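Visitor: My structure is below; once you've seen it, I'll send some questions.
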Amino acid sequence: MDAVILCAGSGTRLYPITENRPKPMIPIAGKPILEHIIEKIENHVEKIYLVVGFEKEKIIDYFYGNEKIEFIVQEKQLGTGHAVLMAKNYIKGDFLVLNGDVIFESDILEFLNYENAVGLSKVDNPENFGVIELGYDNKVINLLEKPNEDEIKSKFTSNLINAGIYKLENFVFEILENLLPSERGEIELTDALKKLIESSKLYGIELNGYWNDIGRPWDVLSANNYFLKNIMPKISGNIENNVTITGNVIIEEGVTVKSNSVIEGPVIIKSGAFIGPLAYIRPNTVLMEDTFVGNSSEIKGSIIMKNTKIPHLSYVGDSIIGSDCNFGCNTITANLRFDDEPVTLNIKGTKVKSVRKFGAVIGDNVKTGIQVSLMPGVKVGSNSIIGANCLVDKDIEKESFVYKKDELIIKKRN
């Protein structure tokens, strides 16, 4: 059996961290989302076909050389069904399909017991997903894509949703070939599922344990926390005197931790990172390759991507910081509202409540001057510069230059 993983989309709801990388390549617990998915299935399939599109080179370069993996380029993103159809000439038997942004704990083996099956997850907000209703013997009897509250009340009693994992027979390719485009002008995989439902050929498998469709920035941190709970400690690198390390911490070769720094696991610090002196790395933090956290800086519950520098007297909490950033002295990410309500983020023009504590989302190659403060939920686009003494309380588009124009008054004392 083979597998198809859908990796071609651009992930606009996760801007700015997807401005320069495909969503499946966002690092979670030290490795891309896509690598976590591949590790879940690679021992159960012969070939894995990655359908790539947006920033495809980043996926191809990372996984090139893995004999089990082949790449299929979807030049135009014409829907999930079209992406699956791209694999028709490569696959001769039954196959798995997985969305390239889904993290799941459940074992994939149960899917192999069915001819056609869809993974299901129970959620509190089914209106954000495709809702599925099960009948006798776990057969799927209805599917409604992102229903509103009235549709849920009138048509469904289910809070089971499509979890983005499928086992399909080969004839599904024929169904996909004969589908008409949706209102969005795309060939939808869910329309093929509806054809299977009409002929009573689709079963639902409720997933056990953790599941997360990585669609919004706080989903990234949630998945990061999930994986960090299960790491085993391994300390390498150059650890100087008077460094305190507690909990489960992974420090790779090539890391330097200067004296009087404190690291509280779970934490992963990748090769080439430089920590301290007097740095404080708090739980649920991942520092990717060649990062720098300097004197008296504190990082908590955050992902800091490759080659980013947070040199001194700064605080980064519950945030996602892109690669190649450089923070000036005393750069602060606020992560809590006075009213203790969930932090609100702007997602594609709509204000969406996230979680109680959430900091900032910073794109790649962002530079801040001294004493820059970022309010909870703020996003800063890639290649932007924020000048000294700025309080950033709104989203900043990529390629922006932000500065505050104060007038300095100088008078003689007498």
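Note that Cβ sites are derived from N, Cα and C of the backbone, with glycine treated the same way.
The region 'Pyrophosphorylase' feature in Swiss-Prot is assigned to 1-208. The UTP binding site feature in Swiss-Prot is assigned to Leu6, Cys7, Ala8, Gly9, Gln74, Gly79. Sequence annotations record features per position, and here Swiss-Prot assigns N-acetyl-alpha-D-glucosamine 1-phosphate binding site to Thr80, Gly130, Asn142, Asn162 based on similarity to another entry. The region 'Linker' feature in Swiss-Prot is assigned to 209-228. According to Swiss-Prot, the region 'N-acetyltransferase' annotation covers 229-414. Taken from Swiss-Prot, the feature active site, proton acceptor applies to His312, supported by similarity to another entry. What Swiss-Prot lists as acetyl-CoA binding site is Ala388, Lys405.
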Visitor: Under an 8 Å Cβ to Cβ limit, what residues of the same chain, 6 or more beyond the ends of the region 'Linker' (209-228), are close to it?
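Guide: Tertiary neighbours of the region 'Linker' (209-228) are 13-14, 17, 23, 26, 28-29, 33, 36, 99, 101-106, 121, 129, 163-164, 248, 265-268, 283-284, 286, 301-303, 318, 320, 345, 347, 352, 354-355, 358, 361, 379.
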Visitor: Which residues, in sequence order, are found in the same chain with Cβ within 8 Å of the centroid defined by the Cβ atoms of Leu6, Cys7, Ala8, Gly9, Gln74, Gly79 at the UTP site, excluding those residues themselves?
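Guide: Close Cβ neighbours, site residues excluded: Val51, Val52, Gly53, Gln77, Thr80, Ala83, Gly100.
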Visitor: Give the maximum pairwise CA distance in Å, whole number, for the residues Leu6, Cys7, Ala8, Gly9, Gln74, Gly79 listed as binding UTP.
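Guide: In whole numbers, the farthest two Cα atoms are 12 Å apart.
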Visitor: Per DSSP, His312 (active site, proton acceptor) is which: helix, strand or coil?
Guide: coil
Visitor: Measuring Cα to Cα, tell me the gap between Ala388 (acetyl-CoA binding site) and Ala8 (UTP binding site) in whole angstrom.
Guide: 38
Visitor: Out of Cys7, Ala8, which has the highest number of nearby Cβ atoms, where nearby means within 10 Å of its Cβ, if these are the binding-site residues?
Guide: Cys7
Visitor: Rounded to a whole angstrom, what is the C-alpha distance between Asn162 (N-acetyl-alpha-D-glucosamine 1-phosphate binding site) and Cys7 (UTP binding site)?
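Guide: Cα-Cα, rounded: 18 Å.
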Visitor: Counting other CB atoms within 10 A of each CB, which of the binding-site residues Leu6, Ala388 comes out lowest?
Guide: Ala388
Visitor: Looking only at Thr80, Gly130, Asn142, Asn162, the residues listed as binding N-acetyl-alpha-D-glucosamine 1-phosphate, what is the longest Cα to Cα distance in Å?
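Guide: The two farthest binding residues have Cα atoms 19 Å apart.
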Visitor: At the Cα level, what's the spacing in Å between Ala8 (UTP binding site) and Thr80 (N-acetyl-alpha-D-glucosamine 1-phosphate binding site), rounded?
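Guide: Here the two Cα atoms are 9 Å apart.
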Visitor: For Gly130 (N-acetyl-alpha-D-glucosamine 1-phosphate binding site), just count the other CB atoms lying within 10 A of its CB, please.
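Guide: Its Cβ has 20 other Cβ atoms within 10 Å.
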Visitor: Check the DSSP secondary structure of Leu6 (UTP binding site), expressed as helix, strand or coil.
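Guide: DSSP call for Leu6 (UTP binding site): strand.
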Visitor: Mean pLDDT for the region 'Linker' (209-228), rounded to an integer?
Guide: 97
Visitor: Quick one: of the recorded positions Gly130, Asn142, His312, which has its CA closest to the CA of Cys7 (UTP binding site)?
Guide: Gly130
Visitor: Within 10 Å of each Cβ, count the other Cβ atoms and name the one among the binding-site residues Asn142, Asn162 with the highest count.
Guide: Asn162
